[in-house]
Amino acid sequence: MARILITSALPYINGIKHLGNLAGSMLPADVYARFKRAQGHETLYICATDEHGTPAELAAAAAGQDVATYCAEQHVLQHEVGRAFGLSWDHFGRSSSPQNHRLTQHFCQALEDHGLIEERVDQMVYSVDDKRFLPDRYVEGTCPHCKFEKARGDQCDNCGNLLDPTDLIDPYSVISGSRNIEVRDTKHLYLLQTKMQDKIRAWVDAHADWPPLARSIAYKHLDEGLIDRGITRDLAWGIPVAQDGVPRPGFEEKVFYVWFDAPIEYIAATQEWAEGSPDRDWKRWWRTDAGADDVRYVQFMGKDNVAFHTVSFPATILGSEEPWKSVDMLKAFNWLNWYGGKFSTSNKRGVFMDAALEILPPDLWRWYLTANSPEGSDTAFTWEQFASAVNRDLADVLGNFVNRILKFNESKFEGVVPAGGEPGPLEEKLFADVSARLADLAEQMDAIEIRKSAQALRALWVVGNEYLQEAAPWTAIKTDRDRAAVIVRTALNLAALYAKISAPFIPFAAEKIGDAFGLDFPASWPSNDAKAELNTLSVGRPITVPEVLFKKIEDEQIAEWTARFGGAE
């Protein structure tokens, strides 16, 4: 059985993440990790805060803190809110860790040993008024490709093209707003991606099973021709350009570029996870010469991160010529937008994870964000659509079914699994239907089709309601108690089954349902044999009735949240 390594794109340290960040990487990765664990696979889900680069320095300055203190505090906050959302990371690390310092410096040396690192005198944007170079996000201006007026110095958020600060039209300093900008010489290290063009293309070619979104972005950059990328920056905060603790001459005041060290943190975070635990070995997950051959590595990220993960990081891994495990499946997502525009951390636009939990339980958000996963195209959050998904799917379908059958059982069968009767034609039809739908759900989950998986899960919930409505135990109990017992026993088993298969999506509610049956959680994933799965509860087993699982969202609440967070604009 394959071991499953899962990473989700590292959330930036500059504040609590918004729902778009959650929907496009961390949440689907968690759903998949929970599913694979339930199937019995040895699964490792790794994530970390991305703590270097200009976003960290700018956010720390705005908060009036030194950057190290700011990052330490924000890491704790992001970890806490992620756990509150049910994100089941095996480890949530920090890209500023000593492990990542050592490993990033190691990769640079390995690449240089193979002729893929070159020192170049570069022309970089310099702010005369700020008396400093302006790397990456310290400078903004007009994108030369799409003319977006707030493009950053590393990437345009509008068209997605990777940029250098000198590419920008009419640049200005993010620090001061000054347009008193010059271009000056500065020395930097470059990763010679041009030498890796054929090797990276062959690597991408070998992954024909990647989703079209990931492949199309990868080939766009390959077809345009790879360029050599600067991997150092004129910044104070970051990983020093050094080897064995000795600064590289001429680079004493420079650090590695955040997009060089951030993906390496996937490996370094696994080292963090393993450190101090003799039973954990990071190498068996990452080194093919140390047992990682049976690992299936799946990455989750938004589409704006794909270029770095299909070009720059592979250039690092492949260029080192060391036996590192590379990604098998790259699952990319489009954007979850906020009504007609984008969520924005810097502009505080949209609902953020901490605020979301202030108003509603995590499962409601988890369900909406997976059922409306932005896989095939960008999707837009609206309060009305959110309320509809919660009320229709969770309250009316799953919650209604569980509540009805458990209360009926408590009323008519003393709250225990009833004995009596044998399954009839209606149950046989149900067994066949549920078996087929379980197979479909597992197939969609294995394919990492998040939205289709949610649809398949909801379809299984609907089957239970339809069965209960057609079987009508409230009518059967009046004339045939054994027949009513069969119906109730079958429906109770369905509810227990729902707890197991819903857990990757709505783990808190699933555990509440499981607790009503005395099930151990997390539970194993069921087989596709519904006849067997719907006969697992022993006769006489006590069943309790939980509190209402899902409260409906009312129009008054929508109005209140629209006033607080915004809406149609």
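Heads up, the Cβ atoms here are built off N, Cα and C, so glycines get one too.
Range annotated as motif ''HIGH' region' by Swiss-Prot, chosen from 11-21, 132-142, 286-296: 11-21. Per Swiss-Prot, the listed range annotated as motif ''KMSKS' region' is 342-346 (candidates: 52-56, 342-346, 407-411). The Cβ of C143 (Zn(2+) binding site) lies under 8 Å from the Cβ of E149, A151, C156, N158, C159, N161, L163, L168, I169, each of which sits 6+ residues away along the same chain. Across the motif ''HIGH' region' (11-21), the model assigns an average pLDDT of 94. The secondary structure of C156 (Zn(2+) binding site), as reduced to three states from DSSP, is coil rather than helix or strand. Here C146 (Zn(2+) binding site) is positioned 22 angstrom away from T345 (ATP binding site), judged by their C-alpha atoms. C159 (Zn(2+) binding site) is surrounded by 13 other CB atoms, counting those within 10 A of its CB over all protein chains shown.
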